[in-house]
Amino acid sequence: MVGTMAASKPIEPEAGSGLPRWQLALLIGTPIVLGVGAAYLWGRNRNGSQAGSRGKDQPSERNEERKTPEGSEQDNMSLLDKAQLAKNRGNKFFKVGKFEHAIRFYTEAIILCPKEQKSDLSTFHQNRAAAFDQLGKWIEVVEDCTKAVEMNPRYVKALFRRARALEKLDNRKECLEDVTAVCILEAFQNQQSMQLADRVLKQMGQEKAKEKYKNREPLMPSPQFIKSYFSSFTDDIISQPLQKGEKKDEDKDKEGEAAEVTESSGYLKAKQYMEEENYDKIISECTKEIESNGRHTAEALLLRATFYLLIGNATAAQPDLDQVINMQDANVKLRANALIKRGSMYMQQQQPKLSSEDFDMAATIDPRNSDVYHHRGQLKILLDKVREAVEDFDECILLRPDSALAQAQKCFALYRQAYTGNNASQVQSAMNGFEDVIRRFPTCAEGYALYAQALTDQQQFGKADEMYDKCIELEPDNATTYVHKGLLQLQWKQDLDTGLELISKAIEIDNKCDFAYETMGTIEVQRGNLDKAIDMFNKAINLAKSEMEMAHLYSLCDAAYAQTEVAKKYGLKPPTL
Ligand SMILES: *[C@@H]1O[C@H](CO)[C@@H](O)[C@H](O)[C@H]1NC(C)=O
Ligand SMILES: *[C@@H]1O[C@H](CO)[C@@H](O)[C@H](O)[C@H]1NC(C)=O
Ligand SMILES: *[C@@H]1O[C@H](CO)[C@@H](O)[C@H](O)[C@H]1NC(C)=O
C-alpha cells in the first residue's frame, strides 16, 4: 500500500529545504510560502527582546567580569558586587573543570545577590545549572533553570539547558515545550535546538502511535481509495473484476459441484461483494472459503490478507500472505502478488531489507509480471534509489507498453533525479517527458497529477493549476487532487480562502481523506488557530493507514500543542499568516 500512494504525495518539502514536515507546520512563512520576509520580521521582533544568546557551556560573561571591582574596595562593595565576585570565582573553577567548587561559589552568589537583581540572579542560577549539567545532576539542572527562567522568561540558554535535562529525565512533554520556546526565540535558526525538537517529537509520536495503533478500531478506507489501490495491480487474479462471461465459466468448471454453494458463500461471493463495493463483508466470506478448504483457498487467503492490509491490520494479514507465498503449487501470479503486498507491508514497517527481498523473490518466480517492477520501482523511489527505480519502470513498460502509470512515474523519478542533481537540462527533458506522457495517455489522471507536482516545484503555478483541473475533470471523486490544488493556491497566490475552500471540498467528497485533514491542520497552525489545528490532526490520526503515518501525525499534533502551551506560558508565538 505504501507503494501505491508514495508517488502521489506531494514532493516532500524536505527535498528542497532540508526541513522535516513538522517544522514546516510550525514555521510560518515556511520557506515556500513566505520565505525570507517572515524570518526577517521575526528577527526584528526578537532583537528587541531580552533573549539571552547561547554559546558554549562556558558560563562566564566577560564584560560582567570587567565590571566587578577587584581587591582594594572590598569593604565598600555592595552585596551585588560581592555576588558577582563569587560568581567569577565560580566561573574560574568551572573553566578548569572543578564543578563542585564552582557550584559552591555560584550558591554563594545566589545567596548574596539582592532579590530585586533579577537579571543577575537568573544568570547565577543558569551558571549553577551549567555546573550541575556537567555532573549529570539533571534534577538540579531543571530546578536552577526553572529559577532562571522565572526571573527571565526569554532566557534561551536556560530554557535550552532545561530542555536537555528534561529529555534526560524522560519528561518529553515539558522538554518539547521548552525547546519549542527556544526554537521560536531563535527564529528556527539554530540546528542544535531544532534537532532536539525533532528528536523529541519523533519519540513522542512513535510512542503514542504504538499505543493507539494497537487499540484502534479497524477502519475500511473509502471506496475511491480501495478502487485506486486495486487498479495499481494489473497482472494479478484477485484484482480483476469478474467478467460476466467469466462467472459462467466458473460455474461450468464446477459441473459436478453444487452450484448453489458457490453462489451463496466463499470466494466468489466475496468477489461479488467487491464489485458491489460492499467491502465490509469480504473478509468473512473469504474466511468461509478458507475454513471449508474450498478450491479457491489460495485466492481467498490473498484477498483476505489484502483487506486486512486495507483496514490497517498487518498482524492479521501476515500469516495469510506467508501461507500463499509458501503454496508451491498455487498459481504463480497469486504468490507474486502476495510477495508484492508483503514487501510493501515491510516497507511500511520500515524494514527495507525484508521488503527488497520479497520484491526480488517476486521477480524471480514471476519475471514477466509487470506489477512486480511497477511496485518495486516505487519502493526504490522511497529508498532514494532513483536510477534503479527508473530501470524497474522501464522493465514494467517493456512488459506492458500501455501502462500509463509506469510511464508517468518514470518521468517523475527522472524529474526527481534531475532536480536533486541540479541539472537544468535533465529537468527540462523530464518535463518534456511529462508532456509526452499526457499527450499519449490523455485519460491517465496520475500523469497530470505528477506533472502538476513537478510544475509546482518549478514554480510554473498557472500550468500546474491547469493540470489539476484536468485531473478533476477525469476523476471528480478523487479528494486528493483537491488538496493538491488547494496547496497550490497557497503557494502561488498566498490565497488562504481559496485553498481552504478546496480542502473543505476534498473532505466533503471523502470524509476519510486523512491527507485533507493533515493539510488543513497545517494551515490552521500557520494561521495561529492552534485548537482547530489540533482538532484536524486528531481527525487525521484516527484515519492514519499505518503506524508510521500515525506517528508522523502525532508529531504534528504535539508540535501544535506545545505551541499553545508556549503561547500561554511565555506569550510567545511564531508569526502567523
Ligand atoms: C487520486 O489521485 C492521485 C493523483 O493525484 C492518485 O495517486 C490516487 O491514486 C487517486 N486516489 C484515488 C482514491 O483515486
Ligand atoms: C488484527 O487482527 C488480529 C488477528 O486477527 C486481532 O487479534 C486484532 O484484534 C486485530 N487488530 C485490530 C486493530 O483490529
Ligand atoms: C546534465 O545532464 C546531461 C545529460 O545527462 C549531461 O550530459 C551533463 O553533463 C549534465 N550536466 C551537469 C552540469 O551535470
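Glycine is treated like the rest: Cβ placed from N, Cα and C.
Caution: TrEMBL annotation is automatic and unverified by curators.
The region 'Disordered' annotation in TrEMBL covers 47-78 (among others).
For 54-70 (among others), the entry in TrEMBL reads compositional bias 'Basic and acidic residues'.
Look at TrEMBL and you will find 83-116 (among others) tagged as repeat 'TPR'.
The region 'Disordered' annotation in TrEMBL covers 241-263 (among others).
Sequence annotations record features per position, and here TrEMBL assigns compositional bias 'Basic and acidic residues' to 244-257 (among others).
For the repeat 'TPR' (336-369), the residues of the chain that approach it from at least six positions outside its boundaries are 1-4, 233, 235-238, 302, 305-306, 309, 314, 317-318, 321-322, 324-325, 375-376, 379, 382-383, 399, 546-548, judged by C-beta separation under 8 angstroms. According to TrEMBL, the feature repeat 'TPR' maps to 336-369 (among others).
Residue counts for the repeat 'TPR' (370-403) under DSSP, helix first, then strand, then coil, are 27 helix, 0 strand, 7 coil. Sequence annotations record features per position, and here TrEMBL assigns repeat 'TPR' to 370-403 (among others).
Same-chain residues lying 6 or more positions outside the repeat 'TPR' (445-478) and placing a CB less than 8 Å from one of its CB atoms are 7-8, 10-11, 16, 224, 228, 404-405, 407-409, 411-412, 415, 419, 427, 430-431, 434-435, 437-438, 484-485, 488, 491-493, 509-510. The annotation repeat 'TPR' is assigned in TrEMBL to 445-478 (among others).
The feature repeat 'TPR' is assigned by TrEMBL to 514-547 (among others).
Each residue of the repeat 'TPR' (83-116) gets a DSSP state, and the totals for helix, strand and coil are 27 helix, 0 strand, 7 coil. Mean pLDDT for the repeat 'TPR' (83-116) in the predicted structure: 96. According to DSSP, the repeat 'TPR' (336-369) comprises 27 helix, 0 strand, 7 coil. For the repeat 'TPR' (514-547), DSSP puts the residue distribution at 29 helix, 0 strand, 5 coil.
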